[in-house]
Amino acid sequence: MRARGWGRLPRRLLLLLVLCVQATRPMGYFELQLSALRNVNGELLSGACCDGDGRTTRAGGCGRDECDTYVRVCLKEYQAKVTPTGPCSYGYGATPVLGGNSFYLPPAGAAGDRARARSRTGGHQDPGLVVIPFQFAWPRSFTLIVEAWDWDNDTTPDEELLIERVSHAGMINPEDRWKSLHFSGHVAHLELQIRVRCDENYYSATCNKFCRPRNDFFGHYTCDQYGNKACMDGWMGKECKEAVCKQGCNLLHGGCTVPGECRCSYGWQGKFCDECVPYPGCVHGSCVEPWHCDCETNWGGLLCDKDLNYCGSHHPCVNGGTCINAEPDQYLCACPDGYLGKNCERAEHACASNPCANGGSCHEVPSGFECHCPSGWNGPTCALDIDECASNPCAAGGTCVDQVDGFECICPEQWVGATCQLDANECEGKPCLNAFSCKNLIGGYYCDCLPGWKGINCQININDCHGQCQHGGTCKDLVNGYQCVCPRGFGGRHCELEYDKCASSPCRRGGICEDLVDGFRCHCPRGLSGLHCEVDMDLCEPSPCLNGARCYNLEGDYYCACPEDFGGKNCSVPRDTCPGGACRVIDGCGFEAGSRARGVAPSGICGPHGHCVSLPGGNFSCICDSGFTGTYCHENIDDCMGQPCRNGGTCIDEVDSFRCFCPSGWEGELCDINPNDCLPDPCHSRGRCYDLVNDFYCACDDGWKGKTCHSREFQCDAYTCSNGGTCYDSGDTFRCACPPGWKGSTCTIAKNSSCVPNPCVNGGTCVGSGDSFSCICRDGWEGRTCTHNTNDCNPLPCYNGGICVDGVNWFRCECAPGFAGPDCRINIDECQSSPCAYGATCVDEINGYRCSCPPGRSGPRCQEVVIFTRPCWSRGMSFPHGSSWMEDCNSCRCLDGHRDCSKVWCGWKPCLLSGQPSDPSAQCPPGQQCQEKAVGQCLQPPCENWGECTAEEPLPPSTPCQPRSSHLDNNCARLTLRFNRDQVPQGTTVGAICSGIRALPATRAAAHDRLLLLLCDRASSGASAVEVAVSFSPARDLPDSSLIQSTAHAIVAAITQRGNSSLLLAVTEVKVETVVMGGSSTGLLVPVLCSVFSVLWLACVVICVWWTRKRRKERERSRLPRDESANNQWAPLNPIRNPIERPGGSGLGTGGHKDILYQCKNFTPPPRRAGEALPGPAGHGAGGEDEEDEELSRGDGDSPEAEKFISHKFTKDPSCSLGRPARWAPGPKVDNRAVRSTKDVRRAGRE
């Protein structure tokens, strides 16, 4: 035994050693990388040479041997006035000998990572890198002292080997980038880089947040970039130690230690731990609670093993005896005549009682009797009908019906015959409806369908409407075709032609579109502008918010962040903390604990820096600790308000105090002390030293020159001026020309700090450190430049679906309806006001109550008297008037025999792929079958056990409104739900999410008059998003998109309220799309231009036809001879206009024509006298010409028969008359004597 105990001891010590090593692991590292050191003269800080005080150069430098330089680093707490002595409280380090008087090292990069890795393993690290580990929360402020030393193997005291000492007090945050520091000391110039990095598995600005991924007994999680724990699949809880059990497992009676299990508690059993274990030895009983034995019918006793119906279970009496149950497990037999015995087994006159049934003959035998049975019967008393169906005589699946001395086969439709052995000709009944022909098959038939039809009997019209109609057109399915009914403004076979430029709804966010000839115009609502109303106007200038609320611009709207005491759109309505007195049990500083823990639990509403004091009316007040203020004591009082730091010092606000970070050249609590740079003697006793700000000046003795009086020849050397300054030797002194950004006698003072302009936002304080900066953020902000608001709502502090409002260093819980309290932990008891009347019982529910009415009363408050009405029947069940029930996802109510149900399409029923056929939940309705879900429908595994009941045809009506499509119109809205995958329950599918949305009361309320369709699918924008397409059916008479918009927003409002649904609690963002983006109209350019050109071409044709007809009429008129006028004014023009008398006319000689032309030229028409009449027929006076002119003035409206005649009136000299056209008119107005034919005219011309 002793040997065994000593054997265990080394292992225990080894375990303790491992734990100690683990406990001493650092939280982070301070890293310093030396880049360069320049000691031009090879001197020590005392002025002596490194290896003796002999000077060999003419300039006075040390030339016999160079220094063996190495560096020591001391890291300690922040000191306003740096003291080089004292312990290095944060750590220290040193380098090996790096070089001589001056040397350069490679720049810092991955060297720190490599050195840190080698330092852990004990390997060699980069010589110029110093790594100081720390095992405490990094305070961000520090003091760094860097010393350069000369290595000497002799016994020279250390202080005499110091080359240079520089110091830096500042702030630095953990990050990967390096910060550069430059120091110009009395003797040497140093360049180095520093940074702080957290060790692996440590996070935050102080490296004290530990998170190491693990998958063991203590947790199952990974770590994100901020050190937060992210549970692995199948695990939950703060430490991710709680396993997610099998879906359906009764957690009251079981649990699990491995994800997906369901391990039952003591006394429970079954797949889901929902079956109790009965009392041991229970024979004929069951249990409701563990270790009970509830007997079945006819059984009794402690173990239910006593037969209370022995006669019914054993039938002991024979020969027709009647069995009587006497006691448990006891019986008596009442024997018929002729039988005796306990069981009536002995016969005296066996056949006396006619024991043989069904015509059997009885014969007495020594043991009793025997029955000779007729055909078809069997048994001791011929009471058993011989089962002729036992041999399965019916073929082809026929059903056998046993009969007396025979059987009958009930055959399937495809078979006939006595035993269903003949194939029936199913085509005789003409089952095919829309087919070319019917073909009889063995056990069935086949229909050769016409084009456009399908199905077993060709009874299904193939839907040709899938995705045919564009721009929201309604597709009408035809036989082997389709027809698109286009909305207003569109046309074409597929509604692809846009007539109305507003039909595509180009105006966004509620803008009203006006169609113009060359485009459209959007009339934007208040707060919007732009061509498509896409530009937000600043609705917060001036601010509409009252009572000090802050205004935020939203998309087309604004939001007022109201204080606690006010609400409403503009924060103008005072809030009532306890409306209606319903929350009288609520304490302003906490909540009332349950019966098991009496008292009031604190809510933490005042945060870690305040004490809550309850006030009347459920209000509270926060008494803040010193240094804090605000409603929730969340604001740290700014102690830097009065700018206490002097000389450009940076003030850092702390709790009830402040700290000054001084620039180079100043120190002290308020940066009001200029350290003496003349200590120790930088002039090496060769001159007088004068102290400056962050510098010094040496007035050298005769014979010495230089900044430190180190040379006898030159005032300038390569390092007299710092930071790239140029040195000019002026004989007795020197002058430095500093580069941009630096000033001072030797260019040691920076003009522009790295904090100008201030890169830190949200009240952060910038602390410059060389060429970089660090931001000290106010409480509630974090990040390199204080841009990230710390999430005060993580972990979730609000219970029961309350929404956490994250502020700056505070949070507030906005409770779901029915809950109240600082953290929404209290369920408001709506039954406190006794709302139920007439003796009804009030049952408190979440955000409401339910009244259990006495007989004869109904209604929400039992205020209605029940009147005899007709019940409603649904699925074989009767429901009384006024009652409500659920049918799938719809709610129904009975109104005097009429079922009033919501119209929501409930989708496909889930089914268990691995379920037994006897399980009702795993079976599909008739005509449907359980199929696996489509790939990608699982939102949170495992989902492989569940499928969907799918029919041959899709259940929802055909609609173009589908998820993952760009279709939006007056009857289509699209919702995009984003989920926090860590909060989604295991086994959740897209179908389960869709079913949950369909079951919302807001969804059922919207589906009152039309069928509401909600179709879901995974969104293409992300793995944790689901798209929901919302539409109505039918949608033919929808005037606008108001119905679909109100429905979509009602569903979104119900989702954001969340309630107690664990699935809706995981929703982090909801996006609503109800307006189609304005599309390009270039596709309509060609049809529009064609239409314009067609109109222009038609107009040209009409004008050409009109012009041609006009010219034709003018030519016809020019061919007609004109009548003589009263004064012969047309005579001179007659040879020109009369075609009959033109040169070369028919029948006219050349000479005759000249004479006529000569006479016409010398003819002067006399003036017409009043009342002179032309020669005409008797009885015609001056009125004849007027009548003729009147006839001429009628134009072409007279009878066309007048065109058949040519009327001429001649003067005395007919050769000079000018023909005028005359119109034919009936009556005496026509002078037939003046009418001549063309032949007469030609004859007259020859004469």
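Keep in mind that glycine also has a Cβ here, set from the backbone N, Cα and C atoms.
Listed in Swiss-Prot as the disulfide partner of Cys824, from the options Cys815, Cys831, is Cys815.
With DSSP states grouped into helix (H, G, I), strand (E, B) and coil, the domain 'EGF-like 14' (751-787) comes out at 0 helix, 12 strand, 25 coil. Residues in the domain 'EGF-like 6' (423-459) partition by DSSP class (helix H, G, I; strand E, B; coil) as 4 helix, 16 strand, 17 coil. For the domain 'EGF-like 2' (275-305), the residues of the chain that approach it from at least six positions outside its boundaries are 266-269, 312-313, 328, judged by C-beta separation under 8 angstroms.
Away from its own ends, the domain 'EGF-like 14' (751-787) comes close to residues 140, 168, 170-173, 175, 177, 179-182, 205, 634-636, 640, 650-653, 661, 663, 740-743, 807-810 of its chain (Cβ-Cβ under 8 Å, at least six residues beyond either end).
Averaged across the domain 'EGF-like 3' (307-345), the predicted model reaches a pLDDT of 83. With DSSP states grouped into helix (H, G, I), strand (E, B) and coil, the domain 'EGF-like 1' (241-274) comes out at 0 helix, 8 strand, 26 coil.
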